[in-house]
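S.K.: In case it helps, TrEMBL gives these features for our protein:
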- Cys89: active site (ACT_SITE)
- Cys89: active site, nucleophile (ACT_SITE)
- Phe1, Glu17, Asn62: S-adenosyl-L-methionine binding site (BINDING)
Amino acid sequence: FVHYTQKGLAPELIGIEISASAIAAAQDSAQKLGLKQVKFQALDVANFSFDASLIPDLVIMNPPRRGVGKEVLQFLSQLNPKFILYSSCNPKTMAQDLAQLKGYKLQKVKLFDMFPHTSHQEALALLSRI
């Protein structure tokens, strides 16, 4: 889960992931790339608190196969980002999540065959706030 806001001319990126080891890897990558306006938190996204005065431009999600779930969809409704980029290894649960997400229009969806000769596909959907 990534949250991007625009503060004047300096963008800010907040990465949220439940896995502490994934956060450590993200922090290491950000440091190696010289990225200064990034923050990472190891927690369940449903427990993330945000400044209500800052509406993000973009939220990028890549949930587990089971999808994001009701709590995260409610959180997204509160957050009300301009755009959502949803990446999923399970197009079925992605479709279920997107059907429950109100106030957004599906702009584009694309399937990627990342694992040739298997039944697994990655799906990427871009949604915009109505």
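Keep in mind that glycine also has a Cβ here, set from the backbone N, Cα and C atoms.
Walk me through where these features lie, including what they touch and how far apart they are.
M.R.: Long-range neighbours of Cys89 (active site) (same chain, six or more residues apart, CB within less than 8 Å of its CB): Arg65, His120, Gln121, Glu122, Ala123.
Secondary structure at Cys89 (active site), taken from DSSP and collapsed to helix, strand or coil, is coil.
The Cβ of Glu17 (S-adenosyl-L-methionine binding site) has 20 neighbouring Cβ atoms from other residues within 10 Å, across all protein chains displayed. When secondary structure is read from DSSP and collapsed to three states, Glu17 (S-adenosyl-L-methionine binding site) falls in the strand class.
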